[in-house]
């Protein structure tokens, strides 16, 4: 029986030859339900095939066959199900596997029901019934009409026939006449195996794709097997009845030799054939043999990294071509071997050098086999008995296991990076020759590399009986959580700024204080001390190198250890030599300086110091020289020569990556100039504005004498008032280190603006500009988008200028306009106005789109009326506007064509001939004005309008010739002719008389032409020309349509490579990772109302009213009411989904590439005019076209789209309704777009030999077939679950990347969109990879710009879209050119695919550290000698977050990612290996931006705590108000004011304004800027500053960074107060309240600067920051100030605060649960970070310490006892509270009275104490409030320290008290925040004002958001 026959052991995962298809389980085909909504209660058949547990996968095909034949013969379908049941029972008789019992029960009930209901139709017994049906089925489907059917159909028939035979043998096991026939069917079935793009094994008619010469040549090349020895079969494993495996080609040979999986071999076979064919095609012309250069080119691309690795390790490459090799066979074997290793490597693909190591050894084995020709056969080196996954099990599985165990040590990002090895650590193990000694080949499982990290060293030794094995350390780098990484990675920058600051302070401190003072010898000598500082910084760097890398120390080679130690020793040496040589030059030395002076002796010390400095500077001088001679430095750094490595040993660590990363001289000059100018401005500003003004006041402060303290001063005799000096200088120093970021913002704005202007951005930005330049567009189109013939000459260019490719332009333009109509951005009428007619060439002038010619005819008629004398005047007027001339000529000629087509009689034709002849003669004689009465033309125009209206009426089209319409048309024609001949022509009266003798003129008409589509098009166009009155500037009305039209037109004038023919273009793939996002809105989704009563559909209709109207017009549906819409839900659901951030939208957008390639391929092959004549229906966009199969085949091999839906398999078998709908929608997408492929991870639970079950994972690729199935193409077994090791998205991409094709790969996210007109430019973009503009460093990543399509939803969405827009345009423009530090930021970038798949993939995936996975692929590309560029002539759409909480979540995710980047080895290596100026660019555009944001906030803290110290200590009063310093106070204020500018975030808006100015005009930009400020954009950006700071800082200190799903819905809903409190409490509210208390204390106790406006500005900026941080989430929360919402929020908040925690309680349900999770980061952090937290907490004690001495009760006593008494009071309060708490627990229930008495006594005691204090100690009310202000921060300090010391306190009884203290503080904070909201909610106008503020964009477009928010229906909509 064929069902059981299969190679290998039992068990479904091995059973490749089961019932249906060559790989039974892998051929499971699932059916989809009809429709999209996916409601329950569908056809039970559907459920049946999807109920099958994964362990019973082989029976799925039998059930599917039963479903297929159900209608034809229900009884046979029943027998099929019966067979399936029997098979299931045989596989698992005890029903022990998961889900089997339920399935068998279900199937049994179904069988019982079917047995009763089904009857036999063909025979009396079941055996005969199945026999006859089998015979009938085979005859009907397998023998008749074979050549008419598609391969997919035949495949299905053969599969069903195979199942039927199996069922027949089950019912009737004895031999039958069909046995031999069935064998033939099985053989034929194998040749109809499923395929992806190339049907390599399909018999029958050849598919068009296989007729492409290059494909045929590549297949032929792979099938050349001559002279290859054959592997001996594995005899015991192969049963006798099975033939030996067929080896058809080189990859089959590798499969048999090395034990790869069959699915992997088939996948890579197609991959290799397509690569060879596509690379060969690029050479032009049709080629019937693959060129040698093609194979060499592919070898170079694939093995570039391997060869480089061999050279680095001084190994001989194992790619050896035998001397006698006459063919390309060896090269192809090596390429095939690498691709097969890569295709099966799973997670090991992230470790490119590990793949090199595997390939290195396997290539040696391969060479040994192919070079030894002595025997005709050999024993394969890889073999596992009875399995086809030997390579996976023997090579990949052990490596995967260690990756998995190491990843498990991470404990979901909660364990320090230093305790486990990530992908980089494991990969870098292969950067040393040690791996060859330790691992060997085959790999030694006892090697240290494989040591289990979860076991201790002793355990390992005991288990393995080996004393040598121990766990491997981190490799080369340790990611320690500390801010010191910033200094370690960018030490050159920090040294530069610190030394510059020191020098400037010394110069400013000199007597003259000017820069010229440096020439003073004494000043110069002091400036020379910067080298001592440099020596200290160098020592710090050398120390950090050892300390931070300690855990990787064992992995370093000996020479590197020596280097680190020597660097440390030398740094100490310089730290001693430089100060000691300098000290002896100082006159009158003292102390330590004197000791050094005596030690040096009588030498001329000054000269010694200079000499020492000169020696110290030598390495830097050499470095500067090398910087000038770049090529030498690049060559040296990239060299693998041992001698060169020895020379560079001191300066450069020995690493495989980040060597010689130097740009060409031109680029270097550009970014060097940028930074030199910027640094000059920054340092000048710092010197004159920040440092110099402070010197004089500082001097005075220092020499004023000791101030008077009002508190107990611990250091009363501190000299020179250093405390005051520190508080004054500290904020300025911080501003000095941060303000480079401001200067970068300014310079990048200017540079980006200039760059954008030169690249011609924004030249066409309005419809008026489009109209004025439309004539030039076809010419530009011809130069850019029409392939040239390769001949570049002036003559050729002149020809193109004269004859632009108008026909091709019109085709593409019309396709673009049609796509706008399909997307409902324009109406039918607008489409008619924008389209170029298909009847090109019918008139003597080009027929421009009617929107250009609109109102030209009425204007021309008016002109003609006004001309009385000469033709010349009329000609001049008409020729003034070329479009008027075009309109007049076209109108006249089209009228003639229409008239001629209507008439049949010769006499009628003669009339028209005579009229046209007289017009032509008059024009020729220039007597038109004389011969014709032109003022009568309006009457004629009116008649023609009526005539056209009649001709286009539906009745006329119906063709009923004897209708009144025909009579009316005849009458109108007669009237028209009378007007022409009698009223207009002065000499035309005789024309009608002459011809009217015989019969009535124009009575007999031919109306057949009315049915012609082309003819009707002419009429519609002529009608538009005659009637359209409005100006073309308003068409189209939709803003998005306008933007797209103008951008497309503008891009044609920008610099881009010329498009090659589609045949010669680079092939590419698009890859989209998908998890569980929205695929398509279902009916329920669209109608589900939120708490405000708004449904998505209602919301979308209001936000996009014009598009909704266009949609209804397109589907020709007029809804009567809301319910009537439900009948059209199948069409409404996609419309709504295309306006959300759904997978449907993304897939539609990406499939535009396919459509564009089809159109362009047809253009390349066909003469357009001829094509037009062939067309009978609408254009390809609308469904009908000439099907050019060759063009489709070319598109097939040039473009692949893979969506990696990792959970598709889980959704398929899920019982959850939502997941099932999700699966059906994805299936529907595959069916809608046949070339779409879905890759997913299949989880199969299968039995093992010992009777247990285990999970096996597969990467599976499926496609849609027919109308309701998906069909598996490839199934590749994985070593384990790939997604549980690293970050989700990169792992998802990585598992699917093996199914992509081509030389380029575009990474597209789930929230993106694409446009047809942009897809037309893909050929141009891909040419950038081969462009000569980049010299030798060809691009490896092409960056594209994005358009943010979510900006119109609300003010917040607008701010976010503007911010994002400025980054993806002007930001990335500057990063790419001139700065050369653009990386990969996710989204639409296009990768050089072969470059990246051989270097670790398109992202990095290590858990936590690679949280921002995308940017790391940019780092990786740059470090591996890649080049990343940015191109703005093409754009891709992108959605962004639109609600406050979503945006904050996104910002938090990015800040977390940057925190992790700061710790990473990539940042360290780039920071250390870039040259100085490129390193500056790198720092300020990546982690530096976040660090600067943090320093900005810290500056505010330092400034305010400094003020607090001055005020509380009394120094402000005694020193800063001293009359001697008052005169010099203003410069101090100026310096302080400079920090507040940055904090308002105004300068960060500069790039935004510049970009809007470039693309929309500067007046618009200024207007938008003002509106943004009025809508509180500054509040929003200041708030986000807090988000960045909090999450960046916390990530570096404590970790805890994780992927945050941000949600991509439509946010118009209200967030509850408790939700906002939970999200922002610790990041904003706590910090905001701390700053508020600081400001209040300073306001109350500070007496200085009251009259200074500038100082008010300084504190105003901090007040603004506080207000933003405290109230922004409420200001930007819809309906926050509605009274009812406020009441509900308060109730919800109180309930949440009161809920007790417990097991399983979520943070959303109870305050306690939330409070516990908020401290999780402290429980998992390091001791170092906890100590820092505790030290930082101590700042809260300063309030109490300062305030108690200011109290009246203290009576100016400065004794320490006063502070001690305050603590006594504090402790008393805490003890009392604890007593109450204990009392409540002990007496609260049983002894209620006792508890009340206790509380009463405590209250009386409190009142008594207060009375005594008021009466005896003169306590005042102000003292009480001041004490509260002082004690509140102290309590918070105790709380913070308690949280940090959790492990200790948890053991005592105090933890409950700490928790209650926390609850009290959160109650207080919540109340403080809620009071203003509650107060404002009293006033209704506040809510209205807020709605206006939030949704101004919507209001300005005439929308009624208030109605949307109130959930009211717009009753007028359906009228």
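Placed from the backbone N, Cα and C atoms, the Cβ positions cover glycine too.
The compositional bias 'Gly residues' feature in TrEMBL is assigned to 1-10.
Looking only at the domain '1,3-beta-glucan synthase component FKS1-like' (329-444), the predicted model's pLDDT averages out at 90. Positions annotated as domain '1,3-beta-glucan synthase component FKS1-like' by TrEMBL: 329-444.
The region 'Disordered' annotation in TrEMBL covers 1-27.
For 493-511 (among others), the entry in TrEMBL reads transmembrane segment.
The transmembrane segment annotation in TrEMBL covers 523-544 (among others).
Annotation source TrEMBL lists transmembrane segment at 565-582 (among others).
Annotation comment: TrEMBL describes 717-736 (among others) as transmembrane segment.
Per TrEMBL, transmembrane segment is recorded for 742-761 (among others). For the transmembrane segment (742-761), same-chain residues at least 6 beyond its ends with a Cβ under 8 Å from one of its own Cβ atoms are 674, 677-678, 681-682, 685, 1050, 1053-1055, 1369-1371, 1373-1374, 1377-1378, 1432, 1484-1485, 1541-1542, 1547-1548, 1550-1551, 1553-1555, 1557-1559.
Positions annotated as transmembrane segment by TrEMBL: 1482-1504 (among others). Residues 486, 490, 493, 730-731, 734-735, 737-738, 740-741, 744, 1375, 1379, 1381, 1383, 1415, 1455, 1458-1459, 1461-1462, 1467, 1470-1471, 1474, 1536, 1539, 1542-1543, 1585-1586, 1588-1589, 1592-1593, 1631, 1635, 1638-1639, 1642, 1662, 1665 of the same chain, all 6+ positions outside the transmembrane segment (1482-1504), place their C-beta atoms under 8 angstroms from a C-beta of that stretch.
What TrEMBL records for 1629-1648 (among others) is transmembrane segment.
Among the features that TrEMBL reports, transmembrane segment is placed at 1654-1676 (among others).
The feature transmembrane segment is assigned by TrEMBL to 1729-1748 (among others).
Remote same-chain partners of the transmembrane segment (1760-1780), defined as residues 6 or more beyond its termini with a Cβ less than 8 Å from a stretch Cβ, comprise 712, 1744-1745, 1748-1749, 1754, 1798-1799, 1802, 1806, 1827, 1830-1831, 1834-1835, 1838, 1857, 1860. Per TrEMBL, transmembrane segment is recorded for 1760-1780 (among others).
Per TrEMBL, transmembrane segment is recorded for 1827-1846 (among others).
For the transmembrane segment (1867-1885), the residues of the chain that approach it from at least six positions outside its boundaries are 1617, 1621, 1625, 1629-1630, 1633, 1670-1671, 1674, 1680-1683, 1685-1686, 1689-1690, 1693, 1697, 1832, judged by C-beta separation under 8 angstroms. The annotation transmembrane segment is assigned in TrEMBL to 1867-1885 (among others).
Sorting each residue of the domain '1,3-beta-glucan synthase component FKS1-like' (329-444) by its DSSP state yields 79 helix, 2 strand, 35 coil. Same-chain residues lying 6 or more positions outside the transmembrane segment (565-582) and placing a CB less than 8 Å from one of its CB atoms are 528-529, 531-532, 535-536, 538-539, 541-543, 545-546, 596, 599-600, 605, 608-609, 612-613, 616, 650.
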